[in-house]
Structure formats: C-alpha cells, structure tokens
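Right, one structure below, let's go through it.
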Amino acid sequence: MLPVVVVHGGAGHIPKERSEKSTSGVCSAARAGYTILQGGGSSMDAVVEAVSELENNPSFNAGCGSVLNVKGEVEMDAIVMDGKTLGSGAVSAVRNIANPVQLARLVMDKTSHACLTAEGASLFAQAMGVPQVSQESLITDYSRMRWKKNLAPDANPVACQMGKMGTVGAVAVDSEGNIACATSTGGMLNKMEGRVGDTPCIGCGGYADNKLGAVSTTGHGEAIMKVTLARLILFHMEQGQSVEAASDLGLAYMKSRVGGLGGVVTVDPQGHWAARFSSLQMAWAAVQKDTLHYGLYAGEHFTQDNNPH
Ligand SMILES: NC(=O)C[C@H](N)C(=O)O
C-alpha cells in the first residue's frame, strides 16, 4: 500500500474560472511530492515540496496569492509535523517570506521551539539566510480586489471566504512507514492584524503520528480550533475508524457542534488515504503506485496514469 502523498488546495467554493487552475495545481503538487517518495525521499521532504509548490502558485491562499488582512497586508501561517518523533515546527503572522512552510520546517529542525511568530519569526528567517521578499510579490490583483470589496460596511468577509478558501496542505507516508503533514495559509479574508488561525496550531491545522496517521486541515480556522479537527480525526482512527469514516466524523462534528465547514486530507500507517470535505468543493489530488487521483466536487474521483509515456 505504501507510499502515498495526498494534497489539498483549500475547502470552499472555487469560482468556475479558477477551478481548472486549482485542479492542475494540486495534481502537479501531488506529482512533485510523489517523485520525492519514489526516489526514496522522506515523507517530510515530500509534503514540504508539495506545499512549497502550492505556495508559489498564485491560485491558492498561501504564499503568493494569500488573502489580505484588514490593512491590506499579507500575514501567513504554516506548520509541519514529523510522525516519527512528534516533532513539529510552525510560524505565524509572517510577512516577507515566499515559503512559510520551509521556515516552519527550519523551526522544527533548528530550534528547540514549536512555533515562532511575526517579528521573531522574521529575525529567525534572516538568521537562517532565508531571502526576504516584498509584500508586493505576494499580493495578486485578485486578492487586492477581494480585500477592497470586503472593506464595505455591509460586507461579510467570513461568508465570502467560506465561498472561496484556498489554504494548502499535504500528508504523506514514505517507504519506511514514516508519516508527515504540512499546511500553509494566508488565513481568513480581511482578518484583524495579528490574527493567528488554526493552521500553525498543532492538532488543529495538522497532526502526524506514525502510530496513527496524519491529517492536514482547511476551513474556518476559529471553528477548526474549537474542535481540534486534525487530532479529533486521529482520535477516531485510534478508536478503529477508517481514514474516510474518521474524517467524515470529525467534519460532521465541527458542522453540527459549531457550524464550521472545512476539509481534510488523511492517511493511515498502511497508506490508506482520504480527501473529505463539508464545503461545496475542495481541490485535492493523491498519487499512489502509478496512479494519480484527483477531484473537486463531493463524490468526484478521477484517476489517471501517473507515468504516461
Ligand atoms: N482557508 C483556510 O483554510 C483558512 C485557514 N484555516 C484559517 O482559518 O486561517
């Protein structure tokens, strides 16, 4: 069954004109992650590669293409977790970095801490030699247009965002049975300056444990935090539920208990995987053996040869 990589491009309602780009983006990221696994690379290398590619793709709400806070600025959150050691690294409210997921990995690998925020994260990035990028390079015309629209007194940015999310994430199992997750986001549209969402919070934006599996989440961060969605799903797997049933149970609880919508990608130690969501859509893709799997709407599951000649 091993190895496998599963990625998501955010739960929500993807406008028609953007759906093709979302689908091709997640497929390409899943392939990039799988190439690493095929070459004997680790699940951690695979999820960081897949998420970095999605951060660099302006179609998603992470890295370049992030939504803007109420002041019209980019503030990004990211997390990685290693299922072998339960080590994790996260950054929150970072502004001038192209790939927050790579900085999160450096927090895990090079510090004794689990999360660095804002100015401290930026100083750490400089110390690690991570290049600084301008805010302008992270802001797209589309994100600026949506920010402006949601400054209107009668706007409802949360509802608008529930319409068009786009956080990115990945989970993977490698040939040695090691499991990892990574998640990265620009957060919620027109959020307050300094708002930190679920993504960098362990057990909320992601969790990985070689004994149980891994989950990367997307959706309304304040709702995800109330139910610690990633860990909740792994709890259900610990109780014997399949990846699919556990993901559905977690998402259904979040919807019924706090009215939150979202989506997840989930793997177990055997390499079983699921991509599930309670929102209208979530772009997702997975590669296992020689097959690429992908979908956008509930119930959709297309397959394609991953090594076409
Ligand atoms: N689009 C998202 O998934 C948003 C993210 N979960 C947050 O609240 O920051």
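For all residues, glycine too, the Cβ spot is worked out from N, Cα and C.
As recorded in TrEMBL:
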- THR167: active site, nucleophile (ACT_SITE)
- ARG195, VAL196, GLY197, ASP198, THR218, GLY219, HIS220, GLY221: substrate binding site (BINDING)
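Locations of recorded TrEMBL features on the structure.
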residue: THR167; record: active site, nucleophile; Cβ contacts under 8 Å, 6 or more apart: HIS8, GLY10, ALA11, PHE60, ASN61, ALA62, THR183, SER184, THR185, GLY186, THR199, THR218, GLY219
residue: ARG195; record: substrate binding site; Cβ contacts under 8 Å, 6 or more apart: ASN69, GLU75, ALA93, GLY187, MET188
residue: VAL196; record: substrate binding site; Cβ contacts under 8 Å, 6 or more apart: ASP77, SER92, ALA93, THR117, GLY187
residue: GLY197; record: substrate binding site; Cβ contacts under 8 Å, 6 or more apart: ASP77, THR185, GLY187, MET188, LYS191, GLY205, GLY221, GLU222, ILE224, MET225
residue: ASP198; record: substrate binding site; Cβ contacts under 8 Å, 6 or more apart: CYS204, GLY205, THR217, GLY219, GLY221, GLU222, ILE224, MET225, LEU229
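Across the binding-site residues listed here (THR218, GLY219, HIS220, GLY221), the residue whose Cβ sits among the most other Cβ atoms within 10 Å is THR218. For ligand 1, the nearby binding-site residues are GLY197; that is, of ARG195, VAL196, GLY197, these have a C-beta under 6 Å from one of its atoms.
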